[in-house]
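TrEMBL has this to say about the protein:
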REGION    1-20  region 'Disordered'
TRANSMEM  73-95  transmembrane segment
TRANSMEM  107-126  transmembrane segment
TRANSMEM  179-198  transmembrane segment
TRANSMEM  210-230  transmembrane segment
TRANSMEM  318-337  transmembrane segment
TRANSMEM  357-380  transmembrane segment
TRANSMEM  401-423  transmembrane segment
TRANSMEM  483-504  transmembrane segment
TRANSMEM  528-551  transmembrane segment
Amino acid sequence: MAASSERNSTRHLLAMRDDPPEESARELVFESRKGGFRTIPFIIVNESFEKVASYGLLPNMIFYMLNDYHMEVANATTILFLWSALSNGLALVGAFLSDSYLGRFRVIALGSFSSLLGMTLLWLTAMNPQLKPPPCSPLSSSCHSATLAPAYFLPFLLDQLDNKKNSNNERLQQSFINWYYASIGVSAILALTVIIYIQDQYGWRVGFGVPAILMLLSLVMFLLGSSLYIKVNTEKSFFTGFFQVPVAAFRNRNIALPDQDSAYNRSHNSFLTAPTMKLRYLNKACIIRDPQQYLNPHGYASNPWKLCTIDQVEFLKAVLRVIPICSSGIMILLSMFQQSFSIIQANSMDRHLFPSIQIPAGSFTVFTIITMTVYVVIYDRVLTPILVKYTGNPRGLSTKLRMGLGLLLSLVGTVLCAIVESIRRRTAINEGLADKPDAVTSMSAMWLIPQYSLFGLAEAMNAVGQIEFYYSQFPKSMYSMGMALHTLSTALSSLVGAALVRIVDGVTGKGGNVSWLSSNINKGHLDYYYWLLTVMGVVNLVYYFLCCWAYGPMDGEPLVRDEMVESEERPQSRATPLA
């Protein structure tokens with residue numbers, strides 16, 4: 001299966017490490033005339049083609065599984081949820097491999113090849129009828145369904161532009177980050193219009209073939225620039241410390257916390273002399289039980305799985321502290337990922353914008369992308385300068401407030417989904433279409449635009465606010481951890497979505513009853529499902545308020561400083577022997 005766009009974007013983002021190699025090595029790289037502006041076209045074109053290919057596959061995939069593989073709506077939706085979960089989960093694996101073993105260039109190349117392979121295999125299923133069940137009527141009881149078979153370019157781009165001798169280095173990188181996201185927005189709009197139109201007009205063979213060709217061009221363009229790229233060497237990954245600290249703490253579980261600061265393993269040049277008392281069980285990971293056994297002759301920890309540093313412990317605590325707020329974003333993603341049902345709704349409604357122009361059902365997602373893009377521009381260029389005068393916050397509204405408003409808007413979105421679906425279903429029944437799921441009602445599909453737009457605005461406020469929240473609480477050299485948490489939320493929301501669909505379909509379809517998520521949406525109750533999401537959204541909003549209260553006020557200072565991370569990035573850490 002082709003890799004989704006979320007995996008590739010976050011795969012590129014999660015590979016980011018802001019700490020450059022030694023200055024002499026960096027100077028040597030630039031003297032050899034590698035990196036710089038000449039590499040940007042290769043990277044941007046690669047990413048843009050990949051986005052067009054990936055976004056172009058996602059919306060109509062539900063119809064491919066329903067019509068060609070004769071799946072039930074619940075089964076097809078579950079597969080799409082699991083696809084998203086696996087894609088985002090693999091992004092975390094890719095980030096670890098990129099940081100610690102393979103490097104960014106190899107991981108991007110392998111990821112691009114993997115996407116190409118997946119899209120090619122998908123194309124072959126459309127080309128070969130023997131790979132699909134035999135044709136049948138959707139309402140026939142003899143239909144045989146198919147069985148349920150068992151973030152990297154952005155940091156790589158920044159590597160090419162990272163010239164410490166340039167006084168405008170940071171501003172230049174930020175400018176190209178904006179252009180990077182602009183290219184993603186344009187690519188998504190092209191995919192949701194042009195590629196979807198091709199699939200609707202020319203069928204799956206051409207519709208799947210075009211993304212595969214674009215992915216091939218994406219890979220070729222990236223490899224053509226290989227000799228020009230700056231390829232930063234791999235080093236120790238932050239993710240390794242996540243496991244070392246709890247393992248070391250568990251091994252020292254029977255040891256009492258010492259009263260003397262000198263009993264803790266302190267990093268060289270670290271400003272911390274002792275760990276904080278929050279989550280103090282983890283403090284046992286940095287207790288020096290026996291200097292002769294756990295310290296090498298130079299005073300460094302001989303085994304980081306048995307003895308960690310104070311900085312490692314505090315870094316993990318900082319991440320654990322933001323996880324509750326991070327988890328509140330799962331619900332908004334869960335609401336947005338219901339697009340498979342919304343696309344089926346659109347397919348059963350009048351999609352004519354004008355008498356001679358009909359919007360493809362899969363293209364309605366473009367209204368979400370457009371709303372997100374417009375919001376980002378208006379908020380950044382218009383609203384922020386005005387809000388700063390009244391709030392005194394350089395970001396306009398606080399990150400917590402924007403995250404909360406995003407959750408509230410997504411809640412309003414699910415309410416609107418339920419109301420519109422209730423009206424659509426009643427219209428279909430009144431028009432005698434209860435047993436005709438493929439028939440089109442007289443109700444205009446333009447009624448779906450507000451809910452798509454609301455979800456776009458909700459996602460823009462919550463996601464951007466959440467990422468800025470991480471950036472404000474983590475030092476620059478740990479920004480990749482914020483992206484890791486956001487990606488983890490996406491993966492978890494997909495798993496929750498898959499479980500929710502299976503549970504709702506199983507419970508409501510018991511005893512011969514028609515499932516809420518029936519393939520015949522005119523007989524099912526998709527509106528009830530949206531009301532269930534609304535109730536879950538209300539609970540999640542209350543949970544978010546409690547998380548904000550427990551977190552306390554933000555003072556603008558990162559929970560851990562760059563000095564802590566810099567000392568952590570040395571091969572071993574200097575320890576202070578026991579007094």
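Just so you know, glycine gets a Cβ as well, placed from its N, Cα and C.
Those TrEMBL annotations? Automatic predictions, nothing curated.
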| message | Counting only residues 6 or more past its boundaries, what in the same chain has a CB within less than 8 Å of a CB in the transmembrane segment (401-423)? | response | 325, 328-329, 331-332, 335-336, 338, 342, 345, 443, 447-448, 450-451, 454-455, 457-466, 468-469, 526-528, 530-531, 533-534, 537-538, 540-541, 544-545, 548
| remark: Outside the transmembrane segment (357-380), at least 6 residues beyond either end, the same-chain residues with a Cβ under 8 Å of its Cβ set are 59-60, 63, 185, 188-189, 192-193, 196-197, 199-200, 336, 339, 342-344, 346-347, 351, 396, 445, 448-449, 452-457, 459-461, 464
| request: Could you give the residue numbers and ranges of same-chain residues that sit at least 6 residues beyond the transmembrane segment (528-551) on either side and whose C-beta is under 8 angstroms from one of its C-beta atoms? | output: 321-322, 324-325, 327-328, 330-331, 334-335, 338, 341, 400, 403-404, 407-408, 410-411, 414-415, 417-418, 421, 504, 508, 516-517
| query | In the same chain, which residue numbers or ranges, 6 or more beyond the ends of the transmembrane segment (318-337), come under 8 angstroms Cβ to Cβ? | reply | 81, 84, 242, 278-279, 368, 400, 403, 406-407, 410, 413-414, 455, 458-459, 462-463, 466, 469-470, 473-474, 481, 485-486, 488-490, 492-494, 496-497, 500, 533, 536-537, 540, 543-544, 547-548, 550-551, 558-560
